Amino acid sequence: MVVFSPLLDGGTTHLAVMVIRLMILSLLGLLFWNSVTNRQLTWPSLPIGMPVMIFLTLALLSVLFSDYTNQSWQWLLVLASYALFLYLVTSFVTQWEHIRKIVVAILCVGTAEAAWALWQGLIWKVQRSHGTFFNPNFLAGYLCVSWTLLIGLLVCLRIRWRCVCFPKSFHAMTILAITGILAILLGALIWTGSRGGLIAMMAGTGVVLALRYGLWRATAVIVMALTCLMMVPNPIRERSIDEHMANTASYARWQMWQRALAIMADHPLGVGLGLYQYISPRYGFPIEGEITRYGRSAQTPHNEYLQIGVELGVAAIAVFVWAVILTGRHVAFLLKQRLTRWQRGMILGMSGGVASILTHAALDSNLHEPAIAILFTVCLGLLFCAAAFQRRYRQSVTIVPMRSRRLWGVLTATLVLTLGFEIVRLGVAWSAFETGSRHSSEHQISAAIESLRLAASLDPGKALYHRALAMQYVNQYEQAGKHEAARAALQELERATELNPLDGRLHGLLGDLYFQWSFLHEALGQEQRRVLQGNSLRAYHRAAELAPFVAYYRFRLAKLYSLLGDPRSAEQHARELLLLEPNYLPARGLLAGLYVDLKRISEARQELQEIHERRLRFASWPKNPLEVSFLTVDVAPIRVVLDQQQTSG
């Protein structure tokens, strides 16, 4: 698990997730096999067992009351798999030698990741190295654990400077090897340019030094280290300066945290597990001076604790803090016991690793990364195992007798096969979705439809699959003109909105389809056309309610009202849009056209003047595709009409 989890984009690919879950399930099957053989199941009682059970109970209640059950259920599966893995670690690790081997494996993987990151930076000239992770920030957080482990081992070794200067002993070679690996890790971490990773590294190092030498000495060392890093030119320092100058406020941590706090204030019991990304569009913060005031929005608050509070409620944060306090108490107990230098060094290093991950979790969504979550779980489990090894502390266990091997064997096989089928079903469904997406990019519409149908049949509760299938039916309709394809597209999108009523994008797409079908299908009767147009209006209204700061939905409402002969409603929605996004020039072009039709010539000219001035203002600005769409509008026909009226007048 430790070796495999970082290999495929940090474990974020669905293939990696499926393999990781199957590995956890295999460990569970092995545990049950040994238990059936021994005629008893020995289940450890963790120090944080009660908080874990309460947290999972809150997650289960969240799933039961979720507006998008499929999404919440899949995240419950993630949480349950990590909790199960924690228990499995404490079940299989039974001696200090096991801990030592796992720590060595962590250090080997961390060193390999660091070396690969340095290769990317030095040889391939990658600006921010990411190793095998897809995000440099997550690589930095992952390396922090290896760093703190080595720091913990180093501070517990007896250093004789004479031996270090004249290395002839294994002890001296060990110190030099640790120092060399620390240099590699530090270089790789700096090359990631991760500010959060640097803070996490300093926090983990501070915990190790504080536990070893005391708080004041640790603070002095950390302050000196930070001062040196900020004075000496390096990628982290340069990126901090660049981000301060260029980064937009909507993507700054503080604005995202404000949004999460606002959601928590409105939903103290939580919005549902895994649903932050669908609720957050309702809470926007403007960026003054930008082309798009509400143009960018993160799918996470970049703070795991706030995301817990948003999705599971304030009580879940309290439960998590309770678990952290219990863990700290057991670490404090463990460090008071008689330990060898290597044992104490590993305990200090793992404690620092846990602290670094928890610190990084306050600045980023690092625990969404399977490799980091698994590493965090392993460190926790090893700390609890180490405490259980001490004579003064007995880990209580629950013993379940298994007198009938045949009965328990059948029950075990049924459980493992059922869970395995569920894991494979979800993995194959995503694989079919990826295959369909690849066929779509290659313009193989029929093949894409077949693959996406398979994905939707294997996981019928996932709205994403129905949405993707609907888009392929739209492509088929546009390519071949098949009305059956258009009807199928509408059915799939309607199904998607039923499954996930929180996603404004689905309602917006549904409004687009109703709109196109009502105006482009010549065979429709007048009554059918009115029904489709009414459905389109309702879909756009719902999209604007769910994502009130997305300009497109309000613009489509204004345009549809204009086409339906309701200029008053069209003007109202266009004005509401311009209050939010004054640089959305298509809305100004629509207003100019409305004012020409209503003989309000001066107001039409005023809107055209606004369009001209704003185009000039942002002409030299670098623009992303969204900003280009904000400034793109064709007002030439309106100018022609105004010029003709001026000439005739």
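Backbone N, Cα and C atoms are what each Cβ position is placed from, and that goes for glycine too.
Taken from TrEMBL, the feature transmembrane segment applies to 12-33, 45-66, 72-90, 102-119, 139-157, 169-193, 213-232, 260-279, 305-325, 346-363, 369-389, 410-433. Annotation comment: TrEMBL describes 181-321 as domain 'O-antigen ligase-related'.
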Stretch contact, the transmembrane segment (369-389) with the transmembrane segment (346-363), Cβ-Cβ under 8 Å, 3+ pairs: yes
Touch test for the transmembrane segment (45-66) and the transmembrane segment (72-90), at least 3 Cβ pairs under 8 Å: yes
Paired segments the transmembrane segment (410-433) and the transmembrane segment (139-157) in contact, 3+ CB pairs under 8 A: no
Cβ pairs under 8 Å between the transmembrane segment (72-90) and the transmembrane segment (260-279), at least three: yes
Proximity verdict for the transmembrane segment (346-363) and the transmembrane segment (139-157), three or more C-beta pairs under 8 Å: yes
Residues of the parent chain within Cβ reach of the transmembrane segment (102-119), under 8 Å, 6 or more residues beyond its termini: 2-3, 6, 93, 129-133, 139, 142-143, 145-147, 149-150, 181, 184-185, 187-189, 191-192, 346, 349-350, 375, 378, 382
Taken over the domain 'O-antigen ligase-related' (181-321), the model's mean pLDDT: 86
Residues in the domain 'O-antigen ligase-related' (181-321) grouped by DSSP into helix, strand and remaining coil: 101 helix, 0 strand, 40 coil
